[in-house]
Every structure is written in structure tokens, then in C-alpha cells.
Amino acid sequence: MSEKMVAIMKTKPEYGAELVEVDVPKPGPGEVLIKILATSICGTDLHIYEWNEWAQTRIRPPQIMGHEVAGEVVEVGPGVEGIEVGDYVSVETHIVCGKCYACKRGQYHVCQNTKIFGVDTDGVFAEYAVVPAQNVWKNPKNIPPEYATLQEPLGNAVDTVLAGPIAGKSVLITGAGPLGLLGIAVAKASGAYPVIVSEPSEFRRNLAKKVGADYVINPFEEDVVKEVMDITDGNGVDVFLEFSGAPKALEQGLQAVTPAGRVSLLGLFPGKVSIDFNNLIIFKALTVYGITGRHLWETWYTVSRLLQSGKLNIDPIITHKYKGFDKYEEAFELMRAGKTGKVVFMLK
């Protein structure tokens, strides 16, 4: 193994990133070194690349970017048990303390001292990466790397869709970005019908159809609530899944969901949102879930089994694959333009 590696690094507190050569890291106690086989771009990575307000308060350059990954263990640090060289793995990004009130109740996904791998630490946009052993997930060999790298965001989608019963339920999904597209795939694989998708981008509406959406709506040109009511015989949808983070989409979804229906919110909104709680939530007796992270490790088991079942139609979601990191700037600019689903760097 070479002592040097290539990595996409946020070198300066400004727009963009650089492709650099750095030393291959060494695993310390409780850590493993993995060789990257595939890694995918997340919206968080795009925020770091763009150097938005959130990134400016959270990221401390120089830092290797990336956190969605599939790889092979090539070295194990002192004190690590249950993980061996040659294991095919992915990584849970939430590094939890195990000591706080939430962790002691088994609610690791809301650990009060969470650090994010690839945000608060160096990440996986590199040929090798050091990972906390406690965050390693062993993959079955029959899941290809370009799928295995998607398990972290797929876990977000699974928790959003499966927060309540979904089989045989009518569903409205607002936002068909990468996470919304994964949500469509999970809903269809889990027996939802019809799955209605509201998305302003024609490119993403077409992707939604390919993934399995039964109806697509352009919210800029059509009345979302009217369309949903027409499709559902005036009843509204049983389940509303919000992936966009758009306040208007939230309001439309709450209007379109049936009384005593279920709502799952994953999209992040730009600040405070004004909602008529009395008429849209309380008097409708809605059950509303806020979704963050993934349940450790229940969600990972669900994701892995869904992938192994062959029922998840995620091929259309992976719109761009790059061999290595050389065209990383093109990849990020395409994502900025909204012209991608998931973008995967293949290093195998």
C-alpha cells in the first residue's frame, strides 16, 4: 500500500475544494483503516463545497470531505474486536457518546453530544479513510459498492417512510431530490399506492417516474391540493412525507393529508415557518414525526434487507458515476444545477 493518497479536501474557507495528495492515515486505538470502493455526494457535502452559512460555522479547513461510503478494511487499530482485514463495510456517520440521557435510553440517533463523521472529522472523499470501529457496518457481499454507499441516506428515507404503516397507504411526497427519490423507492417497495410526488424540476419529476411514482405534480403550475384530492376521491392522502424543506410544500402537504393521517418531516426549512397549527394539525388529529439521522442500528438492518431483497428500484437514482475523483468539480457543479440524482465516485 502506498504511503500517499489522493483526496478531495476543503483547503480554504471559501467556495470550492481541491484535489490534493496527502499521507494515508494510520488507525489509532478503536479505529480501522478502510480502502474506499465507492463514495457518494450528499447535500451536506454540497453545502461545504459552496461554503454556505452553515458550513462557515461548522467546518474547519483543511479537511477531507465526504461521509457516504462503501469500502474494505485494510488495517485494524489496537483494541478493535469483531472487525477484520478484508471486511466489506459502510459507515454510520453519527459518532455518539454512549453516555448521555438519549444514548442511555437507546436513542442514539438523537445523542446530545453527536459528532458527524466527515463534518467534524476528516471524511471519505479519498482513497483511504480512518473510521471509528463503533461506526462500522458490515455489508453482505451481494450488495454492490454503488448501492452500499447509499445506505446512510437511504436510512434517512427509510425512517421517514416507515415511521408508521405504509403498505396499502396513499402517499404524498414533496421534493424529489436524492432523498425524496430514495423515499419513493422505499414507499413503492413497501406497498404504498398511489405514490404522488410534487416536484418543480422537470428533470426530477422524470426521475420520480422512473423510480416508480404513480403521479407527479408540478407545484409551480398545478394546484397540488386539488390534484391530490382528485386522485384520492376527495379523501386526501393517508401519509404525507416532506423531503423538500420548502414552507409552501409543507402547507400544501398538511392540507392534502387526510384527517388522522400521518406526517413525516425530513426536509430542513430555511428558518422559522408559520403554520396554522389549529386547523392543519390539531383539529385534523395528525400524527407528526420529525426525522433525524437513523435509528442505530435497527434502520441499518432494514436498509440492508431491502437492498438484498432486490425490490428497491434505485438504479434510476444513481444518475452519475465517476471513476476516481478527477472530475469532482464537474460533479459538484451538476449537483448545484439540480441536474443529478445521486452522484457516486467509484474507486474499485
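Cβ atoms here come from the backbone N, Cα and C positions, even for glycine.
Listed in Swiss-Prot for this protein:
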{"type": "ACT_SITE", "residues": "THR44", "note": "active site, charge relay system"}
{"type": "ACT_SITE", "residues": "HIS47", "note": "active site, charge relay system"}
{"type": "BINDING", "residues": "CYS42, HIS67, GLU68", "note": "Zn(2+) 1 binding site"}
{"type": "BINDING", "residues": "CYS97, CYS100, CYS103, CYS111", "note": "Zn(2+) 2 binding site"}
{"type": "BINDING", "residues": "LEU179, GLU199, ARG204, LEU266, GLY267, LEU268, ILE291, THR292", "note": "NAD(+) binding site"}
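Taking each Cβ in turn and tallying the other Cβ atoms within 10 Å, the top scorer among the binding-site residues CYS97, CYS111, LEU268 is CYS111. Taking CA atoms as the reference points, CYS42 (Zn(2+) 1 binding site) and LEU266 (NAD(+) binding site) are 14 Å apart.
Around LEU266 (NAD(+) binding site), the same-chain residues six or more apart in sequence whose CB sits under 8 Å from its CB are ASN156, ALA157, ASP159, THR160, LEU179, GLY183, LEU241, GLU242, PHE243, ILE291, listed in sequence order. Taking the binding-site residues CYS42, CYS100, CYS103, LEU179, ILE291 in turn and counting surrounding C-beta atoms within 10 angstroms, the largest count is reached at CYS42. Taking Cβ-Cβ distances under 8 Å and a sequence gap of 6 or more within the same chain, the neighbours of ARG204 (NAD(+) binding site) are ALA176, GLY177, GLY180, LEU181, GLY338.
Candidate binding-site residues: GLU68, CYS100, CYS103, CYS111. Nearest to THR44 (active site, charge relay system) by Cα distance: GLU68. Sequence-distant neighbours of HIS47 (active site, charge relay system) (same chain, 6+ residues apart, CB-CB distance under 8 A): TRP54, ALA55. With respect to CYS97 (Zn(2+) 2 binding site), the closest of these binding-site residues in Cα terms is HIS67, chosen from HIS67, GLU68, GLU199, GLY267, LEU268.
Spatially, by CA atoms, the binding-site residues HIS67, GLU199, LEU268, THR292 include one closest to CYS111 (Zn(2+) 2 binding site), and that is THR292. Closest to CYS103 (Zn(2+) 2 binding site) in space, going by CA atoms and restricting to the binding-site residues HIS67, GLU68, GLU199, GLY267, THR292, is THR292. The secondary structure of THR292 (NAD(+) binding site), as reduced to three states from DSSP, is coil rather than helix or strand. There are 20 other Cβ atoms within 10 Å of the Cβ belonging to GLY267 (NAD(+) binding site).
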